[in-house]
Amino acid sequence: MGCLGGNSKTTEDQGVDEKERREANKKIEKQLQKERLAYKATHRLLLLGAGESGKSTIVKQMRILHVNGFNPEEKKQKILDIRKNVKDAIVTIVSAMSTIIPPVPLANPENQFRSDYIKSIAPITDFEYSQEFFDHVKKLWDDEGVKACFERSNEYQLIDCAQYFLERIDSVSLVDYTPTDQDLLRCRVLTSGIFETRFQVDKVNFHMFDVGGQRDERRKWIQCFNDVTAIIYVAACSSYNMVIREDNNTNRLRESLDLFESIWNNRWLRTISIILFLNKQDMLAEKVLAGKSKIEDYFPEYANYTVPEDATPDAGEDPKVTRAKFFIRDLFLRISTATGDGKHYCYPHFTCAVDTENIRRVFNDCRDIIQRMHLKQYELL
C-alpha cells in the first residue's frame, strides 16, 4: 500500500508540474506575442550615405527633437571632441598652405612661430589644450593668408565645422565652456560601426540605425537590411567640388550618386523606398553665391540644365541657388526613375542637418510616407 500511495503522490506531483509548465509556456507565448506586436509596430529607419554627408547630425537632431536632447554630463563629454575639431582644423589649414598649388604665404610673417607651433603639436594625441594653444589659433585665424587658404579648402581635406568652431574660439577656450546644442550638432566625430537610436513620435516607435559612411564601413550595412521600413539616404550637395578622403581623387558628389545607384539597384532592397535627404543646402548656397567653384566645371551637363517648371524655390531664394539644388536633385531622380519597376520609390527633400527647425519640418513631412511604407511592409495596405 505504501508503494501505491507513493505512486499516487508522484502522479499528483506530475499533474502540478504539467500545470506549471503550461502556465509558464502561456506566459512565454504571451510575452513573445507582445514582443512580435511591438516589433511590427516599430518603424525601422536605416540611415545611409557617403562619409561626412551628415547622417550622424540627423541622429543628433532626433535626440534633440524627440529624446530630451543631451544632458549636462553628455555635453561635458563632448568638450574634448570639439577642441579636437579646432586642433584638426587649424593643423589642416596651416599644413595645406605650403602644399596646395600655388601655395599661400602667411600675411603676417610674425605669425610664423605660431604656425610652427601648430605643426609641432599635430602628432600629439593626448594633447593638453592650454591657453597658449588657443591664443595661437586665434592669431592665426585672424591672418589673411590662413583665411585665403581656408577659402581653397576644396583642394584638401578639411572638416565642415572648421570655420564654425574657429570663429567661436573665445567660447571654446573658456575654462567653464559648456557646448550649446548647435555646438554638439556641428561637432565632427568619425562614425565607425552601427549605432541605434530609439525615439517615439505621437506614440509611434522609431528605431534609427546610423552606419559609418566611409568605404571600409559599408560592408557592415548588409547587417541592417533585415526588416527595414525605409532607407533615409543622406547626400552632401555642397560636395560637388570636393574629393573623398579615401583616395583624394574621386569627386564626392559622384561617389554619393554611385553609392545611391548601388543601393537603389541592390536586389535585397528592391521593395524598400528611399527618402532622399539632399543635405547641406546652406553650404551649397554659400558656394554657389560665392561663384568661385562653378558646378559646370565638375558636372558639364549643368551648363544646359533648365529648372523644371514645377520647381518651388524657397522664399527669397536666389535663382542661381534654386537651379543648383534642383540640378543635384534631378541627378538622383534620374537614377531612381531609370529603374524601380514601381516596387519602390524615391522621395527627395532639401535639408540642412544643423538646422533643427528644418529637420523637424522635413521629418514631419516624411512621417506619412514612412507610415505608408510600414503598412505596405506588413501587407496592411
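Positions of Cβ are set from backbone N, Cα and C atoms, glycine also.
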Range annotated as region 'G3 motif' in Swiss-Prot, from 146-155, 206-215, 216-225: 206-215
Per Swiss-Prot record, range annotated region 'G5 motif' [choices 129-134, 171-176, 297-302, 351-356]: 351-356
Candidates Thr42, Thr191, the one Swiss-Prot lists with Ser56, Asp210 as binding Mg(2+): Thr191
Feature region 'G4 motif' in Swiss-Prot, mapped to one of the ranges 59-66, 163-170, 275-282: 275-282
Sequence-remote partners of the region 'G5 motif' (351-356) [C-beta within less than 8 Å, at least six residues beyond its ends]: 54, 57-58, 61, 64-65, 181-182, 185-186, 234, 277-282, 362
Which of Glu52, Asp282, all binding-site residues, has a Cβ with the fewest other Cβ atoms inside 10 Å: Asp282
Glu52 (GTP binding site) in three-state DSSP notation: coil
Site with most surrounding Cβ atoms, counting all protein chains shown within 10 Å, from the binding-site residues Ser56, Asn279: Asn279
